[in-house]
Structures are given as structure tokens and as C-alpha cells.
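Engineer: In case it helps, TrEMBL gives these features for our protein:
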| type | residues | note |
| --- | --- | --- |
| BINDING | Ile12, Gly13, Ala14, Gly15, Asn16, Met17, Ala72, Val73, Lys74, Pro75 | NADP(+) binding site |
| BINDING | Asn59 | NADPH binding site |
| DOMAIN | 8-101 | domain 'Pyrroline-5-carboxylate reductase catalytic N-terminal' |
| DOMAIN | 164-268 | domain 'Pyrroline-5-carboxylate reductase dimerisation' |
Amino acid sequence: MNPDAQQRIGFIGAGNMAFGIAKGMLSGNVLPANIKVSAPSSTHLGRFQELGISVTHSNTDVVCGSDVVFVAVKPHMIPRVLVEVSQHITKKQIIVSVAAGVTLAMLEELLPENSIVIRLMPNLPCLVQEGALLFALGTKAKGEDGALLLSLLHCCGLVEEVPEAWIDVHTGLSGSGVAFVYLFAEALAEGAVKMGMPSALAHSIASQTVLGAGKLLRDSGKHPAQLRAEVCTPGGTTIYGLHTLEQGGVRASVMSAVESATQRARELGKK
């Protein structure tokens, strides 16, 4: 068995990101018995228990019993949580923060000296093992720590190590970007409803259209513009629709949305 599968994994926080990452690990070779999750209330813990994962209300329990600790709480909660568990963190443990905007420098300042810290930004499709996850290593983290994280997360989707400056951009592009795609899918379906298609069918077709387009884009390796051109017959339906989208400024709006979400991630970090 892969030795990484024997690592004891802890999660502080039981939201969607923690659940998605845990599910991805379980679909790899990590056993439920090697994962523990803490949250202040039992609201979100039941779904972890259904997977055979042990749960607790004590963050300290999680830290003391884990080799790798994922801190998956909201950005404003980070200082309080890290101060609470700080005295129990050892130099051998890897602390992985999943909080948007919170920099490695801030995390290292809040944690004991020489702590191994990694900053990770996943996204919601981790729930179905189709996530996009980027991570950056702290000053005391080594290549082998990054390799261990990659090994644990490889079943969650696309996972890559990047410079920290790209993490906030990834938050805007992919963390928030999934919601932009959902808005687009919703609008596609509403357009079909307007033209007479039943709502349930329209939403089903819209989701399959987004899924199929994304899969073809990823697997073909082609630039989006090339695939778009392949759909456009001269004088056909698609180019008429694309012209309407361009008149509505959809391209500039999407670019601005990624910019706004990235800037907000940076602001959250400063707070």
C-alpha cells in the first residue's frame, strides 16, 4: 500500500470544501479510519460519519491526532482557530490552509516558528472529484511536503503547485468561476424555456451542454477560440447567437468578474 495512505488526516471545519477533499481522498487510497473532522456544531458532521469518518467538536483533538491538518474555515476565523491549536502543533505536521485570501506570511506569523505551512485553494467540483486545486508552499515546506499533498489530493481533480501570487487569481477564476458557469447554464436554460422548451428538460440539456463542452475543451487540448470556430457555420445559427452575446458584452463582463473576485480575495487577505 502507498505509504501516504497511512498518513493521519485532520480537518478543522466541515463545510463543502472539507467534504469534497475528504471524498476525493477516500476515492484514492486513504482509509476513513485515518481521517478525523472537527466542527463547533453537528450540522455538517453527519455526512462525514456516513463515510465512516470520525468526528469531534474539539479542534485540539484533530490537531493532536493528525500528520496533515486541513484548516478549512472562513478567512475571518483563521486567527482564532490557529491561536487555539497553536501550542499543539509540531514541526513534523503539515498545516494546509484552505481559507481564501489568507497569505502564507499571515499563517506563518500565527503559527509556531518553523511550522510547515501550505496554502491550498480548491473549488466546489471537488465534491465530484472534478476539482481544480492549486497550492503554494510556505517557507519551511519542502518539495516532499508538496509531493505528499499531491499524492493525497490527486483523486480530487486537477492539482498543481504554483507561486503564491497565482492563488488569489485562481480563487477568482475557478473558486468563484464555477458560480459564473452556473449563472451561464441557468441563462441558457431560461433562453430555451422562453422559446418553448419545458423547464426540467431545458435545465438538463443546459447542464449536459456545459459538461460536454468542458470535457471536450479539456481533453482536446485545443484553444477555446478554435473549438468555437469549429461550431460556427458561415451564416449559421451559432454566429448569430455569438454576435448577440458580444453585443451584450459577455466577454468583458466575465473578465471583469474574475478581476473583481480576485481583488476581493486579496482584500480578504489584508483583513
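Using the three backbone atoms N, Cα and C, a Cβ is placed for every residue, glycine included.
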Engineer: From the Cα of Asn59 (NADPH binding site) across to the Cα of Ala14 (NADP(+) binding site), what is the distance in angstrom?
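Structural biologist: About 11 Å separates the two Cα atoms.
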Engineer: Please work out which residue of Asn16, Asn59 has the most C-beta neighbours within 10 angstroms of its C-beta, and give that one of the binding-site residues.
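Structural biologist: Going through Asn16, Asn59 one by one, the largest Cβ count within 10 Å is at Asn59.
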Engineer: What is the three-state DSSP composition of the domain 'Pyrroline-5-carboxylate reductase catalytic N-terminal' (8-101), stated as helix, strand and coil residue counts?
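Structural biologist: Counts, helix then strand then coil: 40 helix, 19 strand, 35 coil.
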Engineer: What is the number of other Cβ atoms found within 10 Å of the Cβ of Ala14 (NADP(+) binding site)?
Structural biologist: 25
Engineer: 10 Å Cβ neighbour count around Ile12 (NADP(+) binding site)?
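Structural biologist: Looking across every protein chain shown, the total is 29.
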Engineer: Sorry to bug you, but what's the C-alpha spacing from Asn59 (NADPH binding site) to Lys74 (NADP(+) binding site), rounded to the closest Å?
Structural biologist: 15
